Amino acid sequence: MDAAFVIATIIKILIVLGLFSALAGFGTYVERKVLAFMQRRLGPMHVGPYGLLQVLADGIKLFTKEDFIPQGAVRPVFMIAPVITAATAFIAMAAIPMFPEFTIGGYTVKPIISDINVGLLFVLGVMAAGLYGPLLAGMSSGNKWALLGAARTAIQFLSYEVVTGLSVLAPVMIVGSISLVDFNNYQAGGMGNWLIWKQPLAFVLFLIAGYAETNRTPFDLLEHEAEVISGYATEYSGMRWGMFFIGEYANMFTIGFLVSLIFLGGFNDWGFIPGAIAILIKVFFFFFLFLWTRASWPHVRPDQLMWLCWKVLMPLAVINVVITGIVMSI
């Protein structure tokens with residue numbers, strides 16, 4: 001392992017940490033503006049031009065708020081839970097190829113921290129491990145609303161992880177690999193080669209499961225204000241609460257990259273649009289879709305969430321895998 005590789009990897013890690021932490025903060029501004037537009041309001045307007053400095057003001061507020069730990073909390077677990085959420089969100093990005101290769105000063109740069117041949121499995125596995133953050137936070141807070149939020153975390157994440165895995169199984173059978181780079185290369189050659197045309201059902205199933213994995217409306221039962229206050233995060237404040245928040249937004253971008261790489265051609269050129277710009281358009285479209293859904297859809301009840309998972313999405317995912325296997329064997 002040469003020094004150039006180590007230095008390049010460290011730089012990539014720092015870029016991912018800095019960029020997506022900043023995007024998580026800026027994402028709040030975009031979300032508030034999008035929701036305001038859809039509700040015929042203005043949103044943030046007073047801090048800086050068009051409210052652009054609201055993100056900075058919110059960041060200062062989080063950094064300076066008191067780090068309060070409840071008297072009945074299990075202190076070590078309570079303190080480590082937000083770190084688990086943020087860490088798993090960023091670790092999952094290590095195996096995601098975000099842009100095409102490019103050259104700087106004769107050195108070829110691969111915009112991926114770790115190009116492993118089990119990239120898809122790694123990303124899904126690390127994202128699944130992220131459930132321990134909200135789960136431990138709720139169980140260690142000594143608060144009944146937080147405990148209810150933790151219970152919802154367990155049933156929601158564990159159930160929809162199965163749907164996520166089954167939905168990508170059919171595309172994996174077609175590509176013959178679980179490397180995200182191989183998924184991208186398989187779809188080279190234009191829109192006609194995108195996997196969404198061969199696996200439209202898998203695309204829909206994976207996207208719906210992505211909403212549940214990221215705790216976004218209509219599946220935001222973990223911290224539904226009208227039912228469980230702030231759920232698992234009820235007793236958190238300051239930067240510990242901010243870590244949960246950063247993890248959620250980072251996971252939204254991760255899902256956007258996964259959907260783009262698996263089903264929508266990844267970072268291959270999109271007509272006259274270069275690949276790097278093309279994948280950014282796709283990722284930010286899905287980020288906007290998360291916000292659009294929040295403004296348009298009501299919350300679902302926990303029983304409706306489980307009914308949708310086990311009686312609708314799960315059978316459809318299994319049927320899709322069976323049909324794909326039959327078609328490939330003919």
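Heads up, the Cβ atoms here are built off N, Cα and C, so glycines get one too.
Swiss-Prot annotations:
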- 3-23: transmembrane segment (TRANSMEM)
- 76-96: transmembrane segment (TRANSMEM)
- 118-138: transmembrane segment (TRANSMEM)
- 161-181: transmembrane segment (TRANSMEM)
- 188-208: transmembrane segment (TRANSMEM)
- 244-264: transmembrane segment (TRANSMEM)
- 272-292: transmembrane segment (TRANSMEM)
- 307-327: transmembrane segment (TRANSMEM)
* **Candidates 76-96, 118-138, 244-264, 272-292, 307-327; stretch with most C-beta pairs under 8 Å toward the transmembrane segment (161-181)** => 307-327
* Take the transmembrane segment (244-264) and find every residue of the same chain, 6 or more past its ends, with a Cβ under 8 Å from one of its Cβ atoms. => 20-21, 23-25, 27-28, 82, 85-86, 88-90, 92-93, 96-98, 120, 123, 127, 130, 133-134, 137, 168, 171, 180, 183-184, 187, 194-196, 199, 202-203, 206-207, 210, 213-216, 233, 236, 279, 282-287, 290
* Asked: Hey, does the transmembrane segment (118-138) touch the transmembrane segment (307-327), meaning at least 3 C-beta pairs closer than 8 angstroms, sequence gap 6 or more?
  -> no
